[in-house]
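Not my notes, these are from Swiss-Prot:
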{"type": "COMPBIAS", "residues": "242-262", "note": "compositional bias 'Basic and acidic residues'"}
{"type": "COMPBIAS", "residues": "395-426", "note": "compositional bias 'Basic and acidic residues'"}
{"type": "COMPBIAS", "residues": "938-949", "note": "compositional bias 'Basic and acidic residues'"}
{"type": "COMPBIAS", "residues": "976-990", "note": "compositional bias 'Basic and acidic residues'"}
{"type": "COMPBIAS", "residues": "1037-1049", "note": "compositional bias 'Acidic residues'"}
{"type": "DOMAIN", "residues": "10-97", "note": "domain 'PDZ 1'"}
{"type": "DOMAIN", "residues": "287-365", "note": "domain 'PDZ 2'"}
{"type": "DOMAIN", "residues": "489-570", "note": "domain 'PDZ 3'"}
{"type": "DOMAIN", "residues": "584-649", "note": "domain 'SH3'"}
{"type": "DOMAIN", "residues": "660-858", "note": "domain 'Guanylate kinase-like'"}
{"type": "MOD_RES", "residues": "Ser127", "note": "phosphoserine"}
{"type": "MOD_RES", "residues": "Ser140", "note": "phosphoserine"}
{"type": "MOD_RES", "residues": "Ser305", "note": "phosphoserine"}
{"type": "MOD_RES", "residues": "Ser378", "note": "phosphoserine"}
{"type": "MOD_RES", "residues": "Ser395", "note": "phosphoserine"}
{"type": "MOD_RES", "residues": "Ser410", "note": "phosphoserine"}
{"type": "MOD_RES", "residues": "Ser411", "note": "phosphoserine"}
{"type": "MOD_RES", "residues": "Thr435", "note": "phosphothreonine"}
{"type": "MOD_RES", "residues": "Ser479", "note": "phosphoserine"}
{"type": "MOD_RES", "residues": "Ser895", "note": "phosphoserine"}
{"type": "MOD_RES", "residues": "Ser948", "note": "phosphoserine"}
{"type": "MOD_RES", "residues": "Ser968", "note": "phosphoserine"}
{"type": "REGION", "residues": "129-195", "note": "region 'Disordered'"}
{"type": "REGION", "residues": "225-286", "note": "region 'Disordered'"}
{"type": "REGION", "residues": "381-485", "note": "region 'Disordered'"}
{"type": "REGION", "residues": "904-1055", "note": "region 'Disordered'"}
{"type": "REGION", "residues": "1095-1167", "note": "region 'Disordered'"}
Amino acid sequence: MEEVIWEQYTVTLQKDSKRGFGIAVSGGRDNPHFENGETSIVISDVLPGGPADGLLQENDRVVMVNGTPMEDVLHSFAVQQLRKSGKIAAIVVKRPRKVQVAPLQGSPPLSHDDRGFEVIEEFDGRSFRSGYSERSRHSSHDMLSHSWEGNRERGRPHQRTQSRERERSRGRSLERGLDQEDYGRSRERSRGRSLERGLDRDFVSRDHSRGRSIDRDYDRDYERSYHEAYEPDYGGGYSPSYDRRAHPETRYERSRSREHLRSRSPSPESRSRHEHKGQHDPDRPIGVLLTKSKANEEYGLRLGSQIFIKEMTRTGLATKDGNLHEGDIILKINGTVTENMSLTDARKLIEKSRGKLQLVVLRDSKQTLINIPALNDSDSEVEDISEIESNRSFSPEERRQQYSDQDYHSSTEKLKERPSSREETSGRLSRMGATPTPFKSTGDITAAGVTEASREPRYQEEGPVPQPRTAPRVFLRPSPEDEAIYGPNTKMVRFKKGDSVGLRLAGGNDVGIFVAGIQEGTSAEQEGLQEGDQILKVNTQDFRGLVREDAVLYLLEIPKGETVTILAQSRADVYRDILACGRGDSFFIRSHFECEKETPQSLAFTRGEVFRVVDTLYDGKLGHWLAVRIGNELEKGLIPNKSRAEQMASVQNAQRENAGDRADFWRMRGQRSSGGVKKNLRKSREDLAAAVSVSTKFPAYEKVLLREAGFKRPVVLFGPIADIAMERLATELPDLFQTAKTEPKDAGSEKSSGVVRLNTVRQIIEQDKHALLDVTPKAVDLLNYTQWFPIVIFFNPDSRQGVKTIRQRLSPTSNKSSRKLFDQANKLKKTCSHLFTATINVNSANDGWFGSLKDSIQQQQNEAVWVSEGKMEGMDDDAEDRMSYLTAMGADYLSCDSRLISDFEDTDGEGGAYTDNELEEPAEEPLVSSITRSSEPVQHEENIRKSSPEPRAQMRRAASRDQLRDASPPPAFKPEPPKARSQNREDSFDYSKSNLPATAGSEIPGGSTKGYPPPIAAKPAFGRPILKPSTPVPMPESEEVGESTEEQEDAPRSVLGRVKIFEKMDHKAKLQRMQELQEAQNARIEIAQKHPDIYAVPIKAPKPDAGLPPHMSSRPPEPQKAPSRLYQDTRGSYGSDPEEEEYRQQLAAHSKRGYYSQPSRYRDTEL
């Protein structure tokens, strides 16, 4: 005969970062089995090598996940519970097993194949098997009720043994194997798990702890047998537990497990023995001693346990309902079968009922379970009878005499714990999100190890505590204003603070702050504060919506001896719900600093990550918050609290500032002054700038909320094809996108590139369009700070060659360096990835990036945005006020130069477009340079690299004698006539850059037709501007420059002929430069007048021309000695004109003194 039994296991799985729990589930109410329609959640696959490999098997039925029943649930609900488990999941499963069942014989012992099943510890201490059996054709619900019906028909419950009754009183199952060799007491103390023991042959079987069933077995290699009534050789005798109380003739029958009672009938002999034993007085326990005579003998016991109602309070809902009675056996709790369930698991089920508790009970008319006589542990001399100390169960009468009904808060028997163990319980339960009340479940005795003797005195001590109902307390009446705000049932207490307030708090901003414990003897206790009171206000601080950490800190900061006024309301029902569900704090934050993992429980994170904080006082201690990472994978752990986060953020900000300090500036100056490194100068500057992360105005933790944006969010694109993408969006979708125009800065501004006013962005948004912005990462952070929430998309390139290929295909006329674009993209990805809202991978093989770009923008526009919960410092609610705040000096512009911001741009002379054109950009596009100090001479090598539009190979081919002759010092320094000499001294700076490229451009055929006008004319017009570098030069001047170029080409190739041309051009450049200097001076005066406390215009006295003035540059002036030698080498080709000879002598004398005769005139341009 074959029967299907169900073995139950509890498995704890550690989640793997890559494989998860390593299982797949199927089934559910919405996905029943295709053959039999079963709705159980079934393990459909176990990943080899995963966390569940060897622990779970296919076709296992999931009964419970972390205390949540999985019976008759949706498939999605089961999957969600597994995902919410975090790193650890406790899964209870039941596994079908077929066993051979043989009919029972009279006296011969049953064969091992016909008895039950074998319990093997397969899971390394992480699983247990309850061992209750069910027929495969019945569900667990039906089987439970049928099983009890079988017990009533066959087993006669009124004749069950006292031991069986005690099993049901505790609801715990212990499985022990008794073996001659295995004396080890390896027992598993985790809740809901079975314990197996191997005991010596002399080990005397004894049930110590009343209400705990002990399933003993002789060894793993032997099967369990049935009730002792089936075995005629199970002789009697007195157990050491009862030899002093029980009489040998009064013995009761040992009860059979419900499964065997259901499936088998006792033999005639056992029936007669059963009837014989039933004649004894059922009110007296009997003692039984079982002794092995052979090593392979078995005790033949298989015990079980059951939850029953031990006591009911007078004022509880169960008593008011009238359908429940003390002694009723609970079969189901909210649909979950309670057989072999621990009290701890039963308590969890009840706590998760959330106000609705559904029970299925079996009425015990004789109330056998609650009438068990009181017994004490025997003082037997048999060594190591049991390591389990009993937890005495009092009768209802005894319990009522020792403490009142108010000590109970639920049917799960939350008993007041001892003061010595309060701290331990507080630390254990505070992880649930609230500091616990001083209550503790009787729980698992094997895990807690609490002795019966230690519990009895505690009840007797707490018994005489006066009850608050006996003497009603009259509280102070709050003010009418407080009553109007907090309600009429508010009570007020007032006392002076001692060493501490004496309160332990629970809850948080999500549910309110509650009193979780009161220190005995404190003023708070004397004034009538009670556990479960909600604190609404302390002195002037409103506690509603306050996080628990802030509430504790506020109470701690109250000075000793100061009066404390507390407004509170008694809300015990809400308080119990808080403890049951573990709710407390709940708010969202966004990090603005980096944090590494400190402890195994900590979370590592970077800037821009969002967390949900669920406990601000983790483990009852300050310093850490318990948070859940919001993202693709929910992860729970510890993060620094607000104060520690601010300290860490300030340290990181200081390190960022030190990384870009003035030491790097002087290093750049050294590179600028040394020869042979000009080519890599800009690259070094960008490397230094990229190494410094973008600074931010945000605090370390920004409280955020998920909201929808009610406007078209601005769009910022980064990457090697950002300019092309912006142009396509504005051209192909003009109804949705508009490029924000750049404007020149005011005169005297420090930055060199164009800017975008926020007012321009707002105007585009008011037109219901996306504003396309070409701004820096720092400007993006400013947009986030001002709550414009830009959509920031980064184009991630695959390789440098891919960038070059795609740009040549999309923009053939562009000559931007692919190497620079690729390097800058990598730097942005490394330092500013927290600003990106989306990333699009750019592949040179296809052009699918544009469709992805449009889809990404539309998707992000429709999605909710994490917005700041409170307004930032200096920000107003109204948009107009916010804009007026942003239009203040220094905050109303967004830099349009798409390079990383650094301190070196202020004085770095190697400015230009944000990519290095490397002599490939046409001269028609003027180079936009950074601010340059006028006192710094421009070196000859720099002019060769930056001014000439021709490649290096062409430069070498154009190295003719005329070119060498033109490389001589600028003729603008001609001493005669004196007026020309005094004027030309000021603007020699402009011509030192333009002399050599002039001849080079005129030497190359077709240079002008290709868009390369001679730099002789171009440089005085827009070379090295100081105030408005991005403003183009008026066209009439360009025409004049073109005429001067033609005149220069027809002029004689003598020095005097060239001098006349240069003097004419120098005069025009001087006028323009003087006008710019005057505008700068006016702008500085205007700024200084508006902000006298910030700005001041330096007044410098002019120095006499006599003597050598000090140089303003960090390097000494470089006299043109090498060009002079070149001039002397070629002087033979000019003839022996005495005027030329005299000019050379005066020019040489001028060169010895340096470039500038009056450097003080330029010192006012230093910013």
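Using N, Cα and C of the backbone, Cβ positions are placed for all residues, glycine too.
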Between the domain 'PDZ 3' (489-570) and the stretches 10-97, 287-365, 584-649, work out which stretch tops the count of Cβ pairs under 8 Å.
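The stretch with the most contacts is 584-649.
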Can you tell me the mean pLDDT for the domain 'PDZ 3' (489-570)?
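Computed over the domain 'PDZ 3' (489-570), the mean pLDDT is 90 on the 0 to 100 scale.
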Fewest other Cβ atoms within 10 Å: which of the modified residues Ser305, Ser479 wins that one? Let me know.
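Least crowded of the modified residues Ser305, Ser479, by Cβ count within 10 Å, is Ser479.
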What Cα-Cα separation, expressed in whole Å, is found between Ser305 (phosphoserine) and Ser479 (phosphoserine)?
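Given the Cα positions, Ser305 (phosphoserine) is 57 Å from Ser479 (phosphoserine).
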Give me the DSSP three-state residue breakdown of the domain 'PDZ 3' (489-570), ordered helix, strand, coil.
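So the counts come to 14 helix, 35 strand, 33 coil.
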